[in-house]
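Participant: Below are the features listed in Swiss-Prot for this protein:
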type     : residues                                                   : note
BINDING  : His58, His60, Asp150, Asp303                               : Zn(2+) 1 binding site
BINDING  : His60, Leu61, Arg62, Asn92, Asn276, His307, Phe321, Gly322 : substrate binding site
BINDING  : Asp150, His177, His230                                     : Zn(2+) 2 binding site
ACT_SITE : Asp303                                                     : active site
Amino acid sequence: MKLIKNGKVLQNGELQQADILIDGKVIKQIAPAIEPSNGIDIIDAKGHFVSPGFVDVHVHLREPGGEYKETIETGTKAAARGGFTTVCPMPNTRPVPDSVEHFEALQKLIDDNAQVRVLPYASITTRQLGKELVDFPALVKEGAFAFTDDGVGVQTASMMYEGMIEAAKVNKAIVAHCEDNSLIYGGAMHEGKRSKELGIPGIPNICESVQIARDVLLAEAAGCHYHVCHVSTKESVRVIRDAKRAGIHVTAEVTPHHLLLTEDDIPGNNAIYKMNPPLRSTEDREALLEGLLDGTIDCIATDHAPHARDEKAQPMEKAPFGIVGSETAFPLLYTHFVKNGDWTLQQLVDYLTIKPCETFNLEYGTLKENGYADLTIIDLDSEQEIKGEDFLSKADNTPFIGYKVYGNPILTMVEGEVKFEGDK
């Protein structure tokens, strides 16, 4: 058994003194003071905040096929360092988890290497080519969390509609990277004033919002839970808000980088600022914040997307899309939204715990007696600088290097086992 002493937990929106007794994988007791018994392993929280473990429904672990960028081991170590106890990896690997054989192989890699709980997606279509549906019932039987072709949009309405019908039959969500290929126009960043200034091809807002508009109507017809990945535009927020008001089962996520940065933050032709969807306008960012606060957007997910340094050293036109985010999400959001009074600590924690779990009907995301001992101890008071050399991820492709932040996790526990502690 383990006993966390001298911690603080959120109760009714306020930090309250609490000890947490852990028996095996579950929390046995939460109380203001618990006397330790002989032989118990005591963890001194030293007055720090003890949060439910965070749940990230959108990461890229790259394995199999892209191990030079990230592995399941390094990606989940990075997640633990960031306070995440559950992550859901996208299927844009090689091979794609699009069959029982491929999914079983992926699950074995997870079982052998993961440092946190991993709930893998299966693809919607074979090899994510958008031409042939996978075997939904067989993949659910193997443990598919949900279905997505993330990394690309499903281009034909008929294929998406048929996929939604199959997903509804097995009571799983269709999770969509929304991007109409005919509207990308070879873009490498947001189509706006900054792309014009830099002379870099831009991706217009409608590239995303048009496909969301199509899909919410398909989801309504199919009776399917439809989840929108990394919303980035004001038009997308409007479409999702209207769909929810119409009673369509649509949910959505937003990334930390789209909440924190805009096209105006891009200093030049620097691929560290290249992600998909791209950093949008100030108006778009404001719409995302409004949508998150009013419930149009359900939760925050990182879209952790590691790449090798030489890949991101290329010009924006040639470099791959994506930035890492597992190790920086909470500190950045806490520093920029909670410490300045825009959000409460409870709001931020909910966006990373209860909200994603409610979105996908998961049994995690809370600290409660008889619940899983998934938690992270966070130092809310000490300032640290984000340094790439401190990352446990293989990659450090993020524009947030050098930022000074508060709210750094100092210990993370998954099902009662310590998976990250300080610099270990």
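Backbone N, Cα and C define each Cβ position, glycine as well.
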Participant: Please report the Cα separation of Asn276 (substrate binding site) and His230 (Zn(2+) 2 binding site) in Å, rounded to an integer.
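Facilitator: Here the two Cα atoms are 9 Å apart.
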Participant: Taking every protein chain shown into account, which of the binding-site residues His177, His230, His307 has the largest tally of Cβ atoms within 10 Å of its Cβ?
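Facilitator: Selected residue: His307.
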Participant: Give me the CA-CA distance between Phe321 (substrate binding site) and Asp303 (Zn(2+) 1 binding site), in Å, as a whole number.
Facilitator: 11
Participant: Might you list, by sequence position, any residue in that chain lying six or more from His58 (Zn(2+) 1 binding site) with a Cβ less than 8 Å away from its Cβ?
Facilitator: Cys88, Met90, Asp150, Cys229, His230, Glu253, Thr255, Ala301, Thr302, Asp303, His304
Participant: If one looks at the chain holding Leu61 (substrate binding site), which residues at least 6 apart in sequence have a CB under 8 angstroms from its CB?
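Facilitator: Non-local contacts for Leu61 (substrate binding site): Glu70, Thr71, Ile72, Gly75, Thr76, Val87, Pro89, Thr93, Val118.
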Participant: Counting only residues 6+ apart in the same chain, whose Cβ is under 8 Å from the Cβ of His60 (Zn(2+) 1 binding site)?
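Facilitator: The list for His60 (Zn(2+) 1 binding site) reads Glu70, Gly75, Pro89, Met90, Asn92, Asp303, His304, Ala305, Pro306, Gly322, given in order along the sequence.
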Participant: Using a Cβ cut-off under 8 Å and a sequence separation of 6 or more, which residues in the same chain sit near Arg62 (substrate binding site)?
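Facilitator: Lys69, Glu70, Thr71, Gly75, Thr93, Pro306 - these are the non-local Cβ neighbours of Arg62 (substrate binding site), listed in sequence order.
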Participant: Given the binding-site residues Asp150, Asp303, and counting only Cβ atoms in the protein chains shown, which has the most within 10 Å of its Cβ?
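Facilitator: Top count of Cβ atoms within 10 Å goes to Asp303.
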Participant: Please list, in sequence order, every residue of the chain apart from His58, His60, Asp150, Asp303 whose Cβ lies within 8 Å of the Cβ centroid of the Zn(2+) 1 site.
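Facilitator: Same chain, not in His58, His60, Asp150, Asp303, Cβ within 8 Å: Val59, Met90, Gly151, His177, Cys229, His230, Ala301, Thr302, His304, Ala305.
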